[in-house]
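Notes to accompany the following structure.
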Amino acid sequence: MPSHADLDRQISQLRECKFLGEAEVRALCEQAKAILMEEWNVQPVRCPVTVCGDIHGQFYDLIELFRIGGDSPDTNYLFMGDYVDRGYYSVETVTLLVALKVRYRDRITILRGNHESRQITQVYGFYDECLRKYGNANVWKYFTDLFDYLPLTALVENQVFCLHGGLSPSLDTLDNIRALDRIQEVPHEGPMCDLLWSDPDDRCGWGISPRGAGYTFGQDIAQQFNHTNGLTLISRAHQLVMEGFNWCQDKNVVTVFSAPNYCYRCGNMAAILEIGENMDQNFLQFDPAPRQIEPDTTRKTPDYFL
């Protein structure tokens, strides 16, 4: 098992955007799996904590996020998924977050996004990046096996419910979510799929999602869910919002998106949500880090958003 000294060396190397060797990644993922196995589908989190949305392999913007929000472990973080795909540095991004989780398990919470899946990563870049950087798919397999263990949701001080996507018509209560068997590939449909794929919508009730997975849910649904479960807010990611954060559904729901200039061309700001000692909320917005020299990519990934 890597010692603290080994982990500190690996974290320093990763902060310079230098990926680890295959054997080191394997050992790191095994350690992370042992930690995540002990976490819950609804993982309790204490305040203060800083809540972050999609990162999508934009490594230098993750470093900028830590510069703006405070470094790990000095600041407690809760990441709501989508660490990989689309950006140029999915390997370095996800390895750094997993290494921080192993080193400072109580200081950082990492949830599962819809891109933390075998099927999606084979289309949107992470699989190809692993092949390019390691010459085989082993590292992709270590990480996608680990993704099955990531918690689906988190609950900050029993008040703020955090997850990647949104609500499910199959899940009325947090106890329903606690009862799910999460240790599997993200299904194509059903409650676990919905948590990672659904979106809030201006229309009331449940709707068919244009994404082809999950549902859209109206303000009435969010209000009822919050009331039933004693919540003040649903915090989620999963959608590009131009200011980095967006309140909707009469402030029952907030979207947080933490990949600035998404896909290196969308022109959006990023944001993170600081939840303070007294559960006060503060958004920090940030622009992209200075552009680095872009690596040659061997395959163009599809343009449409997932």
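Start at 1 and count along the chain as shown; that gives each residue its number.
Cβ atoms here come from the backbone N, Cα and C positions, even for glycine.
Per Swiss-Prot, Mn(2+) 2 is bound by Asp82, His164, His238; the candidate from Asn41, Asn114, Asn278, Asn282 named for the same site is Asn114. For His115 (active site, proton donor), the nearest of the binding-site residues Asp54, His56, Asp82, His238 in terms of C-alpha separation is Asp82. Here the C-alpha separation of Asp82 (Mn(2+) 1 binding site) and His164 (Mn(2+) 2 binding site) works out to 8 Å. Taking all protein chains in view, 26 other C-beta atoms sit within 10 angstroms of the C-beta of His56 (Mn(2+) 1 binding site). Residues near Asp54 (Mn(2+) 1 binding site) in space but far in sequence (CB under 8 A, at least 6 apart, same chain), listed by position: Met80, Gly81, Asp82, Gly113, Ala237, His238, Phe257, Ser258, Ala259, Tyr262. Other than Asp54, His56, Asp82, the residues of this chain whose Cβ falls within 8 Å of the Cβ centroid of the Mn(2+) 1 site are, in sequence order, Gly53, Ile55, Gly57, Gly81, Tyr83, Val84, Asp85, Arg86, Gly113, His115, Ala237, Phe257, Ser258, Ala259. Taking the mean position of the Cβ atoms of Asp82, Asn114, His164, His238 as the Mn(2+) 2 site, the remaining residues of that chain whose Cβ falls within 8 Å of it are Asp54, Met80, Gly81, Gly113, His115, Gly165, Leu196, Trp197, Ala237.
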